[in-house]
Amino acid sequence: MINIRFPDGSIREFEAGVNSLDVAKSISPSLAKATMAAYIDDQLKDAKDAINSNCELRLITVKDPEGLEILRHSCAHLLAHAVKELYPNTEVTIGPVVDNGFYYDFSFKESIGEADLPTIEKKMKELAKKSAPVSYRVVPKTEAIEFFKAQGENYKVEIIDSIADEQMKIYTQDNFSDLCRGPHIPNTSVLKAFKLTKLAGAYWRGNSDNEMLTRIYGTCWATKEDLEQYLNMLEEAEKRDHRKIGKVLDLFHFQEDSPGIAFWHDNGVRIWRQVEDYMRASNNKYGCSEIRTPLIADFSLWQKSGHASKYAENMFATKSENRDFAIRPMNCPTCVQVYNTKLHSYRDLPIRMAEFGIVHRNEPSGSLHGLLRVRSFTQDDGHIFCTPEQVEEEVILMVQQCFEVYKDFGFNDFAVKIALRPENRIGDDETWDKSEQILKNALDANNVSYELFPGEGAFYGPKIEFHLKDAIGRSWQCGTIQLDFSMPQRLGATYIDKNGEKQVSVMLHRAIVGSLERFIGMLIEHYAGNLPLWLAPVQVAVMGISNNQDDYCKEVFIMLEKNGIRAKLDLRNEKIGFKIREHTLLRVPYLVILGKNEQEQKIITIRKHSGEDLGQMSVDDFCAFLDKQIQAKE
């Protein structure tokens with residue numbers, strides 16, 4: 001007999017060789033039905049794995065994040081199974097879990113399009129209903145290679161060749177087998193709420209020199225209700241797509257001459273200026289001096305900073321006069337150069353620097369997505385150089401600034417995470433203990449709840465991540481606060497302490513909105529293009545009922561502009577209904593409509609974008625009304 005301890009501290013006896021599914025059944029049939037896998041002594045295992053010794057057991061169900069991930073990973077296998085049934089000559093490659101779903105890459109011998117997805121999905125449902133048990137076997141590497149070679153799965157052979165392990169796991173359901181680390185669901189019957197969503201191209205291993213594969217995306221949920229809710233969200237997200245709204249509002253465009261880099265139009269630049277000016281004022285409030293550093297630097301700087309070894313493949317490089325240069329992928333090393341121009345005393349610290357720095361990263365073309373994933377973007381970077389004793393207070397201030405910014409931009413629902421030490425890291429455990437505690441203390445001081453994520457910190461220090469939830473419930477990773485033990489040492493960022501000794505400065509990195517391009521894309525989707533008054537590219541559209549009011553329209557327009565209102569004058573010889581509809585589609589917050597009565601009484605009639613009639617008032621009163629909203633960030 002063996003003893004199994006449960007999360008509530010209770011201990012029960014079972015026969016040796018029992019599995020997690022059996023344990024779940026002994027508690028309740030409904031629990032067994034919901035069980036996807038289990039943690040056995042902190043190791044995630046398949047639900048059918050035998051337990052032969054005393055252990056701690058935590059069952060994983062579809063309600064757990066790990067359970068949902070296993071469900072989705074198994075659904076990716078079901079997709080591959082269905083594709084092989086329908087297109088036997090297809091080669092399968094990889095099928096990982098992604099946010100809210102999964103994908104699988106295939107090498108089809110025939111042409112496949114979006115129209116084929118319903119057929120594949122139908123086959124998936126047929127296979128799931130067969131309730132095929134899912135099992136695995138562990139085989140030597142050589143046997144796994146021979147197995148997949150015999151099936152003509154050359155990509156699987158290549159994957160196995162690249163893995164250092166000598167033992168491979170092969171999962172099987174019905175007549176389909178796939179290479180995988182697992183774990184997987186016990187039976188295909190639990191896959192009931194899934195849908196294939198789109199199809200795209202993807203190069204094998206992300207290398208454009210390799211074959212272009214067909215990537216099929218899908219989503220999978222614990223219940224049909226969850227699936228329906230998610231699909232409704234996708235439908236709403238489609239309406240909010242910043243690329244479509246950006247075109248309607250004439251904000252920006254992309255073209256093949258400069259892939260992944262936006263061309264900003266007048267209206268887009270107006271939004272950009274509001275975001276940048278707001279952040280500049282916020283930085284001033286929190287004592288950050290603004291700097292501007294070179295876009296290009298000698299490659300040796302990136303070698304010293306460590307970026308060359310980490311980002312070389314994603315860096316744009318050039319040569320000039322027999323010297324190697326690179327366009328910066330990050331702003332940090334050039335900021336350190338500004339710090340290093342002076343000898344600093346501990347009395348000078350903290351020194352806070354902010355930069356709206358343009359960076360370039362050679363992202364794969366297939367990953368580019370409007371403003372949300374680009375090759376050139378402007379980062380609202382901040383770098384603080386301080387003593388170890390000052391770190392906690394500086395992080396407290398950064399957290400305060402982040403929350404102020406997000407609330408002003410209309411994000412009131414967010415999650416905060418602390419990414420803790422990874423296995424491979426620099427620095428001793430004592431330094432990491434202290435650093436991680438500082439981040440926790442700073443969040444506690446701001447009454448912020450947070451989650452801990454062991455192993456997800458950078459090798460050079462732990463970090464805080466801010467995840468914002470938008471109007472339709474999507475989560476966006478936005479700001480970061482990062483402790484850095486590495487770069488100050490590498491680049492010689494030092495100060496003289498009170499004993500006259502040279503010490504390495506502590507360096508804090510922070511980005512609040514992050515990429516301005518991405519943040520503006522987020523804002524557009526969050527507000528569905530109906531930006532709050534203070535951010536709207538055009539705040540008021542002025543129009544007359546007939547051309548007889550043209551002179552008065554011009555007079556009102558000039559008065560609005562003199563009061564700092566971003567106004568548009570519409571003197572076209574069109575019906576007033578047409579003008580109202582057009583400016584409503586352009587998401588202009590307020591429409592000023594002028595007729596004979598308004599002209600004679602020197603007043604204006606105001607209509608909100610929503611269609612609400614605000615009645616009549618003087619231009620001065622309207623400007624005061626607008627200014628109050630703008631100041632309140634409404």
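Here the Cβ of each residue, glycine as well, is placed from N, Cα and C on the backbone.
Residues or ranges marked as Zn(2+) binding site in Swiss-Prot: Cys332, His383, His509. Marked as domain 'TGS' by Swiss-Prot: 1-61. Look at Swiss-Prot and you will find 241-532 tagged as region 'Catalytic'.
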- Query: Looking only at the domain 'TGS' (1-61), what are its DSSP counts of helix, strand and coil residues?
  - Reply: 14 helix, 29 strand, 18 coil
- Here the 10 Å Cβ neighbour count for Cys332 (Zn(2+) binding site) comes out at 22
- Message: Can you tell me whether DSSP puts Cys332 (Zn(2+) binding site) in helix, strand or coil?
- Response: helix
- To test your reading of the Zn(2+) site: which residues beyond Cys332, His383, His509, same chain only, put their Cβ within 8 Å of the Cβ centroid of those residues? Met330, Asn331, Cys335, Val336, Asp381, Gly382, Gln482, Asp484, Met487, Met507, Leu508, Arg510
